[in-house]
Amino acid sequence: MHPAFSIVIFTTLSGLGYGLAAVLGLGLLDPAATATKIAHLLALALIATGLLSSTLHLGNPQRAWRALSQWRSSWLSREGVMALITFVPLAWSAWASLFDGRYLALPGLVGTLLCAVTVYCTAMIYASLRSVQAWHTPLTPLCYLMFSAAGGLVLASFFGFAGAGSTVLAPALAATFTAAAWIAKLFWRHRMRTLRPISTPETATGLGRIGRVRLFERPHINENYLTSEMGFKIARKHAAKLSAIAFLLGGAVPVLLLLVLPLAGVGAGPSASLIALLAACCHAAGVLMERWLFFAEARHSVTNYYGG
Amino acid sequence: MTLLPAQPTPKKLGLVIDLDVCVGCHACVVSCKEWNTGGYGSALSDQDPYGADVSGAWLNRVHTFEVIPEGGEIVGEAGEARIVHFPKSCLHCEDAPCVTVCPTGASYKRAEDGIVLVDENMCIGCGLCAWACPYGAREMDLAAGVMKKCTLCIDRIYNETIEEVDRVPSCVRTCPANARHYGDLADPTSAVSILVAERGGMDLMPEQGTLPVNKYLPPRPRKPLADSAHSLPLAENTDGAKGFFGWLDGVLERI
């Protein structure tokens, strides 16, 4: 599948934003601290940027509001509806922290729950497509949720070291969730690499009863919408390397950094904040690469008509 | 409304495509483009139409496949491999995944005849329906920013201003080999249903669970060319010549 820049950015940023908002909703950070206030604003900004980015690939973005209407059948529509609803408790929580320095449990916990539901809807847009077998598994929403939670906790750790408290629990949880997210991803990737395609050129043409089917001539010489959108190919050796880099950058490095800080007994302070910020940046870069590969490596069943 | 109508729809209008007969001339492809660029919805645009890197939205495309039987050879006509031309357009699935994923309600399946359509005034061009379709039946119109697909020539089949013989999809009307048939596949007595029953019409990618309405008729079994060799009239052989040709054979033999 073509890894459209706007979609890769959207799922990465909104995932991080919802993760951070969900952690804030649990009340782990000191609501009166300046760092927590900035965290609230950052979460909202990440979510909003992600959602705006997702409209960039639309052919007619001026009609995007229509996408809120088909929540009964469409995961994309559900995602849009949930994203809007989730803004209410998140904005409420942010308001309470920014102007009153208070943590409110009701909007906080409701916000956390809705963040999870929204990220789940985003993942289900892809997981519900049977035509892309690599995505069509419950492991897809699991990975999205885990990466979102991990990203939120890594960011929360940074804000914790920057003065919002929780310099032990947040980094410990961040390291745990980051490790768990990458373990889920390894399972996802192993499944993708080893699955037997349910659709083949034989089933796609119905000619399997006669024999083995091979494309002889394409319908047109040039690329078309289908081959550029669904027939994206990435060299296997590069995919393996990128995947390893993503794992190291997004998984190993932040886990190591975030474990070292509390274990070394480092409390809040500029140096700890910088290290936590480095962990957060590495995590985001790793997840961005993971998301790019999520699209680039997935194979659509239409490629059976175009010689694989 | 992207919920699917109650199944099955009273009519299931669709195509039956005969892979034994299709000669791969692409006439259906061109006539489809021609009719639909001036018909339902916005024009079917091309990008860089006269340049080297031309591309565009097409609702029907013909692929060509080579099929090699178990243990067969690939030596053109002398071998066992055979060429099958394969036209592909929307299959108007009963359980159409392209419809249910649509976030706006632009994509829908008609309750009365099962035709799957896109309301281009509602489409935001997100492309998710094209991702959901396992067959690649939908293509984005890059000029209009809306999704395009086969309409089963809805502006022909119900069009009382054109002659009755023309009230079939453009691809069916134009096919010079008569490889494409149009009709109601819900009616077991229709010509298309009988064709499907007699020739073992099949679904494409049944494992995707889409329940396509369109059916494909498999190519008939082919005899190896060598099997037909003995029955070919040999130019040398005049055995059994009678009448004038017998006399002529005798005269020429004596010269």
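Using the three backbone atoms N, Cα and C, a Cβ is placed for every residue, glycine included.
For the transmembrane segment (A:37-59), same-chain residues at least 6 beyond its ends with a Cβ under 8 Å from one of its own Cβ atoms are 4, 6-7, 9-18, 20-21, 24, 29, 83, 86-87, 90-91, 93-94, 97-98, 152, 155-156, 159, 164. If you look up TrEMBL, you'll see A:37-59 (among others) marked as transmembrane segment.
Marked as transmembrane segment by TrEMBL: A:80-98 (among others). If one looks beyond the transmembrane segment (A:80-98) by at least 6 residues along the same chain, the residues whose Cβ comes under 8 Å of a Cβ in the stretch are 14, 18, 21, 24-25, 31-32, 36-37, 40-41, 43-44, 47, 51, 67-68, 71, 104, 106-108, 110-111, 114-115, 117-118, 121.
Residues of the same chain lying 6 or more positions beyond the ends of the transmembrane segment (A:104-129) and with a Cβ under 8 Å from any Cβ of it are 11, 14-15, 18-19, 21-27, 75-76, 78-79, 82-83, 85-86, 88-90, 92-93, 96, 135-138, 140-141, 143-145, 148, 294. TrEMBL lists A:104-129 (among others) with the feature transmembrane segment.
Residues or ranges marked as transmembrane segment in TrEMBL: A:141-162 (among others).
Sequence annotations record features per position, and here TrEMBL assigns transmembrane segment to A:168-188 (among others). Only residues 6 or more beyond the boundaries of the transmembrane segment (A:168-188), in the same chain, are considered here, and those with a CB under 8 A from a CB of the stretch are 23, 28-29, 137, 139-140, 142-143, 146-147, 149-150, 153-154, 156-157, 160-161, 247, 250-251, 254-255, 258-259, 261-262, 276, 279, 283, 290.
According to TrEMBL, the feature transmembrane segment maps to A:242-265 (among others).
Under the heading transmembrane segment, TrEMBL lists A:271-289 (among others). Outside the transmembrane segment (A:271-289), and at least 6 residues removed from its termini, the chain residues within Cβ reach (under 8 Å) are 8-9, 12, 15-16, 147, 150-151, 154-155, 157-158, 160-162, 167, 171, 174, 178, 242, 245-251, 253-254, 257-258, 260-261.
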Exercise. Who are the long-range neighbours of the transmembrane segment (A:141-162) in its own chain, taking Cβ under 8 Å and residues 6 or more past its ends?
Worked result: 11, 15-16, 18-24, 28-29, 35-36, 38-39, 42-43, 115-116, 119-120, 122-124, 127, 170-171, 173-174, 177-178, 180-181, 184-185, 188, 254, 258, 261, 266-269, 272-273, 275-277, 279-280, 283-284, 287, 290
Exercise. In terms of Cβ proximity under 8 Å, which residues at least six beyond the ends of the transmembrane segment (A:242-265) contact it?
Worked result: 154, 157, 161, 167-168, 171-172, 174-175, 178-179, 181-182, 185, 189, 272, 275-276, 278-280, 282-287, 289-290, 292-293
